[in-house]
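Worksheet: one structure, shown below.
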Amino acid sequence: MVKICGIGAGYVGGPTMAVIALKCPSIEVAVVDISHSRISAWNSNKLPIYEPGLEEVVNQCRGKNLLFSTDVEKHVYEADIIFVSVNTPTKVRGLGAGKAADLTYWESAARMIADVSKSNKIVIEKSTVPVRTAEAIEKILTHNTNSKDIKYQILSNPEFLSEGTAIQDLLNPDRVLIGGNQDPEGIEAIRKLKAIYAHWVPEDRIIATNLWSAELSKLADNAFLAQRISSINAMSALCEATGAEVSQVSLALGKNTKIGPKFLNASVGFGGSCFQKDILNLVYICESNGLTEVANYWKEVIKVNDYQKSRFVHRVVTSMFNTVSGKKIAILGFAFKKDTSDTRKTPAIDVCKGLLGDNAFLSIYDPRVTETQIQKDLSMDGVEWDHPIHLQPKSSSVVKQVNVVGDAYEATRDAHGLCILTEWDEFKTVDYERVYDNMEKPAFVFDGRNMLNVDKLREIGFIVYSIGRPLDQWLKNMKIVN
């Protein structure tokens, strides 16, 4: 029986290994992590992450050909193929601080693999890494191995799943990318990994490239997607200034077959663990290769995203008589997108901090994010989120002006304004007449996801701001003051 070990039980490693176990019942899959709490959660009835369909997949395979363990060295020793999905946070000090990827955890994993291995291994990069990382990993493995007879093949197999749809993305991927050395040994390693995916992925969707192309493709993929979001968000600001309707502009663009409709929804901004981190990494790589103009181009994608969040905060404050001091603002949604509990780099953090900076009182509701996580996110600095949970501060200060509640009605009771920051489906079915009746007047709605019926809200009596849409006369008169 082929044995696979997945190092790292996070948002990529856990679901990916679970799907491989589901689709390859003849393969033994072990998911390992040094975090005892995380592994305990994977072995419980309450998984450490929320993804639609994940629980069903895990329950079907766990105890059969899928196990979760903290005995990292044992399962690495036994494995034929090792997927490494450890975190690659942004460096916080030293050369490249604030932009370059910190490969500390990857290097530690490689040294451990070399230390315990007694047989040939295929080591697969699942984490998003800088281009030519495989070269460094190969050097660590070959110079620290127990025997010159042990051979390692390094493959790059980046994951293109989206949180919230991860299981469906894994079960029906639009492509699987495998990069490896183009010598006979590398090509054979690629063949072995292709054979695993071939259990459920059509052959024409499995793409083989060289190592460097695969590594760079993942960074490029996230950069291009983030660029589209920043592009439509930039247009949303122009729409508001001119009276155009951003959803109509998006529709017109999406009908162009050379552009397509995906990632053209204007919003309060993109979030998640990947986009900003990977663009900053790309910027650092460009700068390191003397490509200043290219680096500056990608920096602008992040600048527009930051501008969109600050523009949203300014709109809230200026619309409400240029102050939210002492006012209760309801926040519906804290996760960076619907159908996930992930809050890493969620736009809600910056929006909430901006409102808190003007002394607002926030009442926050999210159906999947805990009060502990929300308080932690609002009290952490800008870099701690990027590191593994077990290495983050064990305790965080409580933001006294924040109250986390159990439903949308409690959040909005006696509130002066309401901000939609995550596109949870349940927010579409809220009884907004009931909400309006229980809010202070005038009652404001700031739809950061463009998911509500603006005309109906205005009929109820709300003053409504929806990104990229024609403004209420009230909002036109209340000009944004920077």
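Even glycines carry a Cβ here, placed using N, Cα and C.
Straight from TrEMBL, the features:
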BINDING   8-13, Asp33, Arg38, 86-90, 127-128, Glu163, 274-277, Arg344  NAD(+) binding site
ACT_SITE  Cys274  active site, nucleophile
DOMAIN    330-454  domain 'UDP-glucose/GDP-mannose dehydrogenase C-terminal'
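Structure coloured by features recorded in TrEMBL.
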residue: Gly8; record: NAD(+) binding site; Cβ contacts under 8 Å, 6 or more apart: Asp33, Val84, Ser85, Val86, Asn87, Lys126, Ser127
residue: Tyr11; record: NAD(+) binding site; Cβ contacts under 8 Å, 6 or more apart: Ile49, Glu163, Ala166, Ser273, Asp342
residue: Cys274; record: active site, nucleophile; Cβ contacts under 8 Å, 6 or more apart: Thr128, Asn222
residue: Gln276; record: NAD(+) binding site; Cβ contacts under 8 Å, 6 or more apart: Ala226, Phe270, Ile302, Asn305, Lys345
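The Cβ of Thr90 (NAD(+) binding site) has 21 other Cβ atoms within 10 Å, all protein chains considered. The residues of the domain 'UDP-glucose/GDP-mannose dehydrogenase C-terminal' (330-454), classed with DSSP into helix (H, G, I), strand (E, B) and coil, number 41 helix, 19 strand, 65 coil. Of all Cβ atoms in the shown protein chains, 25 besides its own fall within 10 Å of the Cβ of Asp33 (NAD(+) binding site). Across the domain 'UDP-glucose/GDP-mannose dehydrogenase C-terminal' (330-454), mean pLDDT in this model comes to 91. A 10 Å cutoff on Cβ-Cβ distances gives Glu163 (NAD(+) binding site) a total of 24 other Cβ atoms nearby, all chains included. In this view, Asn87 (NAD(+) binding site) is surrounded by 22 other Cβ atoms within 10 Å of its Cβ, with every protein chain counted.
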